[in-house]
Amino acid sequence: MLLAERLGGAAVLRLLLTAQVVSAFEPISVGIAIGAASALTGYLSYTDFYCRFAECCRPEQPLNASALKLDLEEKLFGQHLATEVILKALTGFRNNKNPKKPLTLSLHGWAGTGKNFVSQIVAENLHSKGLKSNFVHLFVSTLHFPHLQKIKLYQDQLQKWIRGNVSACASSVFIFDEMDKLHPGVIDAIKPFLDYYEQVDGVSYRKAIFIFLSNAGGDLITKMALDFWRAGKKREDIQLKDLEPVLSVGVFNNKHSGLWHSGLIDRNLIDYFIPFLPLEYRHVKMCVRAEMKARGSTIDEDIVTRVADEMTFFPKDEKIYSDKGCKTVQSRLDFH
């Protein structure tokens with residue numbers, strides 16, 4: 001930059017004009033000349049150049065809240081609470097230049113209601129490569145922590161993995177799937193990383209994001225949704241305050257939650273317990289249309305209806321909610 005200032009704009013302009021003249025004879029020279037001009041004017045730093053060809057961690061990069069909002073509204077169906085809370089939580093967290101702790105979200109609900117889908121949307125909006133990013137890490141309880149007798153080993157490995165990756169990228173994202181199948185105690189190994197510490201062993205975790213996905217609490221969420229339906233109230237009238245306290249206590253006391261008697265709950269280190277409501281017939285049809293659109297197919301309402309009609313619904317008498325949510329929509333659509 002200092003060199004560019006000494007040379008002045010005229011010198012840079014002459015360099016670019018020279019490149020145009022040379023272009024008729026030596027294309028490679030043009031690239032060198034333009035690259036030199038860019039370097040002189042400070043337009044192209046080494047980091048910017050490198051990040052054009054390789055994925056870079058940019059902790060200070062602001063979140064595009066409008067893009068996230070659009071993704072949630074267009075791709076997630078029947079989950080007004082999840083849409084509202086995730087948008088608010090992520091936007092507030094990323095706009096805070098000095099957060100006091102990592103953002104920790106716990107997503108709860110039956111299978112097929114959109115928890116994994118939301119974690120994918122979040123990952124894509126935080127890191128360009130989404131779940132394939134070097135800075136997004138997915139743990140599946142039954143795959144990565146299968147053996148009860150190896151809890152201590154898992155705890156040590158988990159701490160080392162998270163410490164190493166946050167050291168490499170402060171805005172790393174960690175997703176823990178199937179928390180309801182995780183052995184109690186494993187997740188408490190990361191408690192120091194989620195707490196209000198400026199640093200832990202020289203590493204700051206304050207800009208990292210942790211997301212837990214669990215079926216635990218699905219029965220409590222369904223009961224609340226069913227109570228509203230039977231009372232003639234709209235599901236959109238359900239508020240977070242109606243469910244979050246019940247959900248946190250229920251998960252804490254559920255031996256099959258992975259957060260059973262966890263210090264993460266006891267110390268209030270989970271910022272939001274986010275309920276995913278059971279999906280109705282109309283939401284299943286939305287999922288079918290979205291899948292057809294994603295495949296580039298023309299939306300055929302007869303097929304949409306047939307696929308939705310093949311799903312099974314509960315409770316036995318009312319048959320309001322899909323027992324698998326939208327989980328089997330893709331496979332069922334293959335037969336039509």
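Just so it is clear, glycine is given a Cβ too, placed from its N, Cα and C backbone atoms.
TrEMBL entries are annotated by machine, without manual review.
The ATP binding site annotation in TrEMBL covers Gly109, Trp110, Ala111, Gly112, Thr113, Gly114, Lys115, Asn116.
Among the features that TrEMBL reports, domain 'Torsin-1A C-terminal' is placed at 279-335.
TrEMBL lists 1-24 with the feature signal peptide.
Residues within less than 8 Å, Cβ to Cβ, of Gly114 (ATP binding site) and separated from it by at least 6 positions along the same chain comprise Leu76, Phe77, Gly78, Gln79, Ala82, Phe276, Gly325, Cys326. Of all the binding-site residues listed (Gly109, Gly112), Gly109 sits in the most crowded Cβ setting, with the most other Cβ atoms within 10 Å. Taking Cβ-Cβ distances under 8 Å and a sequence separation of 6 or more, the neighbours of Asn116 (ATP binding site) in its chain are Asp177, Leu213.
Around Ala111 (ATP binding site), the same-chain residues at least 6 positions away in sequence with a Cβ under 8 Å from its Cβ are Asn215, Lys324, Gly325, Lys327. Taking the centroid of the Cβ atoms of Gly109, Trp110, Ala111, Gly112, Thr113, Gly114, Lys115, Asn116 as the ATP site, the other same-chain residues with Cβ within 8 Å of it are Phe117, Asn215, Phe276, Gly325, Lys327. Counting only same-chain residues at least 6 apart in sequence, those with a Cβ under 8 Å from the Cβ of Trp110 (ATP binding site) are Asn215, Gly218, Ile221, Thr222, Phe276, Pro278, Asp323, Gly325.
According to DSSP, the secondary structure content of the domain 'Torsin-1A C-terminal' (279-335) in residues is 29 helix, 5 strand, 23 coil.
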